[in-house]
Ligand code: NA
Ligand code: NA
């Protein structure tokens, strides 16, 4: 089996499925913190998707996007925690 | 003719804005930086205008990329005239602001944003690139948004939310239009669009896309039924700011509409009918809105809407006569509306209020100033031979030529209401004796020194004199207007100038 | 110790510059080479100078331990996640800290958090206790002991 | 929010982020990136610092209120945009130093322009965030 | 000739600038200007005998075809002499009358401005300048009527009169422009010469109506007559000058001017006849129910104006001749009566006829002028008025048609009332036993106040006795410019035409009128009748209706609810876009042009869809923000999938920062409250879905078109070679389209500054701006 | 050879992510969900990024991949700690089968200070931290 | 996939407009953001879509060879994104001011009837 095809028809669908599962949690909640970690996981999985995508199209340019994603996943979670805490103080 | 001169007014404004940022919080210096800076820009604008008058259309390719690959700046008669008017208005308001804007606001960036706004306006008039125009529009929106909220009063906040929500919607429509146009034409340079769009195979799509520009520019220029933001917000900021808004903001919409429909799209068929119909509604709602208003600023806001109808109808007819009238009216309106709001500022200083119920006796107390105001008012009404009168001749003639009788009715009705409300103002604010006993009403004008008073009155007088010039030497303005109108009907000059073809 | 590490880096860069090959293996090789040379040079000297050379192997063993723990526990959790029944006995446990330096606490808590089943909730303000959420809390004391002898000991060894 | 762990983590995260932001800035002309994203990343670094400590401490760390970066950024961009005017070229024309410089590549007005954007974005982002945080207390 | 017009304006400017420094005593010097003007125009009398009209053109704005083209013909001369002549007298009169008024100089400024405007109007041969002066008369009269502006009534009258005449002026403006547009020239002579073009135009009736409205409002014709009595709030000299002798005749002048063009078209004649007829009767009837001297005079003026319009409507040569005489007759006696009223008012501070009687002993000379004026108004022989009345009866009688006899009867009836009213105004205050007020008021000399009425009365007698003077000076020239019938032009006015039916009618008028005057009960308060005939109430009602409906419409449209504004805007956009799409687009799907489906992309798309739905339906703000940011992130993933790394990077960061900002602000806000009912939601949903669908359809339509991307190719080629960058997007941002970026960062800066000022600066409500 | 390694690594990585997703989908309380996802996701993404390292083998790409891995490893635990803390603060319920909660009552709601309970002196002093 | 993207565009525009028509200012802002996303996606689509070919010149070449994704819409969207960020940031701060003023984000609470308290 060709690597590209394998990635496209096995790995990416797995990741897409994971995204959807996570996404359902995002929608369901029930608490805001649940949504926050779901969002975090979506972003982290997004890095995976992007990495796979780079391999598929043999272009490493998108890895930078992954770097940004890693960064903002952290920022986002941090910000949410900060304000959730502040709110309940 | 390649000319860096074109961007001088633009960069000048930007430079002033940056310098004022450096002097953050030092209100005394800021006022004079703005004053002299505006004068400098005005001189540049005059030079630019005369250069264009002598040499024809001037073009500058930003970053030295030939069109359609780079952003082109084009100064033809229309744009250089608009820049000149902007600079005049800017200069006059700068004078006014020396006394007319409180130290608090000055210390919190008023001047920076003010000059950024002027820069935005100048840029919008000069640019020859559609997306660049969008950027200018955004500069205008954000700076006017900030100016509107500057001070943070409740009324200001309320007004600015309506202002910005509707204007953001307009931006989105505009951007959508740009995207769609790029999708079919693959270019953004207005001159290039002017060449390519008429050659596109699917002209139906082009018509549809042009609708987006009508809606977007319609919102900007406050035509019915897109005008709501204007009367909701223009009475809230300080008078100097309202003066700038009243004078120029809606006119950018008109300008852009004229540009797009002269160069890229065509104003004909049902679209033209719709635009004319809207213009009539605009005149009516503006006039009806103005009738009952007691607050002068609210009243003038509605009058802005009303008079936008005059111009939009002219655009709708899109004949030489109609365009001449429209442009003449545009020129007149910029100066006069600015002056009206400056006048409200002075009235507010004199009485502590701009509500007619609280005003009175101004004719007796300030006969000379009242005389100046009266001339401005009658120019607005269009009492011949003052400036508002002349363009109506062309607009009416065009209406009869095109058998747009409904437009003629609207024009006459709106003119009448304008007359009516203005004489009512005269009776209530100038003739009547003051009866209000509100103790909040203080006269902050009387206590000022002569020099301070001069800063407030001089800009009004300058603008009045300009208006009088428009009136008594209407032919000069008429000739400029008709030259511009000719350039709109025949776009080859513009295209040739941008692409550097020799005529 | 810092001086030696910097020296090692310098040697590495010289090596890379000399060979003119800019790739990982060359950097890595240069580092190893420098390490070896330095190691030779400090042989027989005082404890202070030898510290650096004890650290590096310990760091590597710590890393391997961490990866081992992480993989092991991941499989454990995976099993629990995939199978329909829950085998979990979760709880939040107070873990008395031995390490007292901010960096050490950070390292320790990161390690604990990254190995499945456990999660740092917070550090007490006086740096004396770590609150850990554990998915499979069979025996609290056993769990504390595991960490004490696992991660915390290694960290103390590595940093002291 | 007082978290010892976060506070410690920012010690090593901030330098990493700043380094990364400069990297993104410099390579923008060749690979995805540029002054804008670079500036945003740099500001994220400082935002993190402010989360972990406090806005006041971050401003102390920066030595000036980030607001002052706005005119600086504007001036840098403005100057690199109008510099060609003095050479009789149209505004914004790219001016390039002939020899490429290692790591950065070609040095030209475009790079300075991007640098201005970078500075400005830091200034604006931090100004906005810090002003709001301060006024929320 | 331009100077003659400008002289008044110059005087006015002079007074505005320097007047307040002068002593009120010197105001009489201003009269030099009108007197010299009178002399100036008088010298044209012989000249006009030689040529039909004297043209003089002054270039003003040739490119717009707007110049000061003056055309002095007999009609113009008549009006010029009237304006400057009566003007001179008024100037003299007012100098004394207004001497105690602190605003006397301003009064003169407006008065001379008005005089110039009138002169300019009657001399203009260009519709634009004609309109210019026309409006100027309205404006200056506005200021004159509102002279006593502390008085609310006075202000109201000024407003009403400018309102009516201003509106009429605008309508006239439309008519003039329309005519000019059809003919292609602003020249009045040209328009008259080519009037067939207008007559054959489909909108001829409308154009004429516009013209009529302009004339009728100015000349106080039914139903616009009501403003005139109100205008009598003005100082009496103003009433005498503007509202009897000159300004109100502007409309008459206009009709007269265009009479050669439109005379003998049924619409013209019938309308003028009927409106003139109604007005003359109405004015006459109301006038007898009045007991305020000025009101009586005002209504008789309305009636007289009705006579004039009626005569123009009659349109025959004799009628025009009668008109020429009657204009002067009326000006002379009406001005006299007004001035007398002014003197009475000045002396006794009342104008109520019930309170005035027996003044003759105090003011014998005034009594004499009063009698002369009243007799002239009554058409008693040996006064000028007799000639006028005869001419009018003659012109109608000469028609020899049944309708003309009916009208003649009505005319006689009206004249009887007029006679009665004139006697009441001109004689009754002087006769009888002195009333209480008169007795209590000490006798004082009227001095220069008497000059004007006496001169006018004298002229009434002189012209009455020796009509040839009038003929030679004015009438001949007038006739030469208005009619072509040489016989009529050459026939002379005579005191005695022999005993004919016209004389009988005159006698009936005099006898019946005098009888009513003598036997009618006096001192009856008939105020009740006023309201019934006052169309002013209709207009005031219309005005209130306009204001109220304006209020309703404005509040309906401008209701303060942003969402309703946006809804309106959206619905409008939908309507216009929908029509355009319906008209111009056919949807067809061409799958060969589209790229293939990918499962993971579809998965991301599904996430977008669900997140959007969550965003709009959740009640938790934070959830809304989170799911909105998911939308953004997913779109970023699309940017990654479709080759836009820069875009993805930027949007990822910006979205996150936006979320952080939202959090900063939102974290304390409670959940969303359900603020809309189901119906509203469904309505909004329908509107918004349609909006989205339209955009989608248009996008689809565009995708089916070829996409020219020459510019992108150019960028691809030049990016590295010319601009030294390999990331084309970045090169576009900093080089190809660097200007966008330069100002994009300005937007950011402004936002930054704005945030600071918004959060740190709060100006108090009471603080100055 | 490289291809197969890439396949293996990416498979492991994606499965780990899948486990994280399933975990977050079906774990009974927030803390358990968090516990599962933080590491599984980090592990999974790490493996996938290693796969890209193997695939490209270029120094610039590898640096970036490794940098991302490093960054994730550095930040994930911190982030998890922050959100867990926030959740606890905001009163997110523990699963009802949770055995013990030793943190209960240790937070000072006003200042957000967490006591250790080890040293009662400090507790009595009510020492406040630097703000 | 173009059809899916058009579906998304339509959805974003619809939901954006729907949110604009709400009373809550937060929703209004969300509406503007959704509309912004829709517009960006639309512009992107208007440059037509290409997978895996970013407009970046490879290291070993000096010109961009086809196929490549149209860089112009990308640059436009970038500019637009940044601009809307500025506007949104300011709007969000305004939201805060509104909340301070009327203690809710219901825009109807902020309405003052015309001409009342007008000085
Ligand atoms: Na763990
Ligand atoms: Na694309």
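Keep in mind that glycine also has a Cβ here, set from the backbone N, Cα and C atoms.
Ranges compared are E:130-148, E:472-490, and TrEMBL records transmembrane segment for E:130-148. Remote same-chain residues near the transmembrane segment (E:130-148) are listed as 103, 107, 110-111, 113-114, 116-121, 124, 154-155, 157-158, 161-162, 165-166, 169, 172-173, 176, 188, 214, 218, 231, 233-235, 238, 242, 247, 250, 254 (criterion: CB distance under 8 Å, separation of at least six residues from the stretch ends).
Helix, strand and coil content of the domain 'NADH-Ubiquinone oxidoreductase (complex I) chain 5 N-terminal' (E:60-108), in residues and according to DSSP, is 32 helix, 10 strand, 7 coil.
Taking the domain 'NADH-Ubiquinone oxidoreductase (complex I) chain 5 N-terminal' (E:60-108) as a whole, pLDDT averages 87 in the prediction. Between the transmembrane segment (E:499-520) and the transmembrane segment (E:597-616), fewer than three CB pairs separated by 6 or more residues in sequence fall under 8 Å, so the two stretches do not touch. Sequence-remote contacts of a segment are chain residues at least 6 beyond its ends whose Cβ falls under 8 Å from one of its Cβ atoms, and for the transmembrane segment (E:597-616) they are 623-624, 627-628, 630-631, 634-635, 637-638, 641.
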